[in-house]
Amino acid sequence: MYNIIKDILSSLQQKWPGLYILIGFLISGLMLAEFAELAWKTLFVQQMAFFDHLIIGIVRYYANHNLDKIMIHITTLGSAPFYGALSVLILIGLAFFRKWLEASALTVCLLGGGLLNYLLKHLFVRARPDMFHVIKETGYSFPSGHAMVSLCFYGMLAYLISLKISSWTWRFVLFIATAIFIVIIGISRIYLGVHYPTDVLAGYAAGSTWLFFCISLLMWWEHKNNT
């Protein structure tokens, strides 16, 4: 079944090279609609309060001192200082090998995601949870910056790496591992008491919107310059 799907996708890519670009923009639009719906249900009609408290209760049920320390380390992997420093190292490497397009894509996706998150936070001005805090955070809560920007950064990084991998199996493994990593970062934000679950989900929706938009633009640019 996997080989059949792979062959179908390869055939579609050869016959309609612009199809993946269209699909990318469509996914971006769907994620934007999902974000808008989540924002409406969470902040305006208050339909997600039970969900938030249910998930927080489940996550905090397993809380202990050792897990506190683990989650603090995990959440650092989605912090601006960490992926900021990591991105600088990666960009230096890309510049050394003259991979200007890849460097530009990663930069635009990361900085654009960060800027969009800042604007969205100040648009919705949701206060952070006040039930408990393992760590202290300032600023607004919706959408989660860790969830949104880590998805943009690590998602784009995974996509760029996948372009150098010929095996569809290993591409799939890469994307699944990246998704799990990003989800764990989101869970750490809930566990530490600095975000509601809906903040994290909104971060994923907004981050996916921007990520797929950037990937689609990158594919369009490559297609334009190869024809």
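Even glycines carry a Cβ here, placed using N, Cα and C.
As the structure is a computational prediction, the values presented were derived from the model and not from experiment.
Per TrEMBL, transmembrane segment is recorded for 20-38 (among others). Here the transmembrane segment (20-38) has long-range neighbours at 13, 48, 143, 198, 201-202, 205-206, 208-210, 212-213, 215-216, 219-220, 223, meaning same-chain residues at least 6 beyond its ends whose C-beta is under 8 angstroms from one of its own.
Positions annotated as transmembrane segment by TrEMBL: 44-63 (among others).
If you look up TrEMBL, you'll see 70-97 (among others) marked as transmembrane segment. Proximity of distant same-chain residues to the transmembrane segment (70-97), defined by a Cβ-Cβ separation under 8 Å and at least 6 residues beyond the stretch ends, is recorded for 103, 106-107, 110, 114, 134-135, 145-147, 149-150, 153-154, 157, 181-182, 184-185, 187-189, 191-192.
Same-chain residues lying 6 or more positions outside the transmembrane segment (103-120) and placing a CB less than 8 Å from one of its CB atoms are 80, 83, 87, 90-91, 94-95, 142-143, 145, 148-149, 151-153, 155-157, 160, 203, 206-207, 210-211, 214-215, 218. TrEMBL lists 103-120 (among others) with the feature transmembrane segment.
For 104-215, the entry in TrEMBL reads domain 'Phosphatidic acid phosphatase type 2/haloperoxidase'.
Same-chain neighbours of the transmembrane segment (140-162): 35, 39, 42-43, 75, 77-80, 83, 87, 90, 102, 105-106, 109-110, 112-114, 116-118, 120-122, 124-129, 171, 174-175, 178, 181-182, 185-186, 188-189, 194-196, 198-208, 210-211, 214-215, counting only residues six or more beyond its ends whose CB sits under 8 Å from a CB of the stretch. Annotation comment: TrEMBL describes 140-162 (among others) as transmembrane segment.
Annotation comment: TrEMBL describes 168-188 (among others) as transmembrane segment. Distant neighbours of the transmembrane segment (168-188): 2, 6, 59, 71-72, 74-75, 77-78, 144, 146-147, 150-151, 154-155, 157-158, 161-162, 200, 203-204; these residues of the same chain sit at least 6 beyond its ends, with a Cβ under 8 Å from one of its Cβ atoms.
TrEMBL lists 200-221 (among others) with the feature transmembrane segment.
Helix first, then strand, then coil: DSSP counts for the domain 'Phosphatidic acid phosphatase type 2/haloperoxidase' (104-215) stand at 82 helix, 0 strand, 30 coil.
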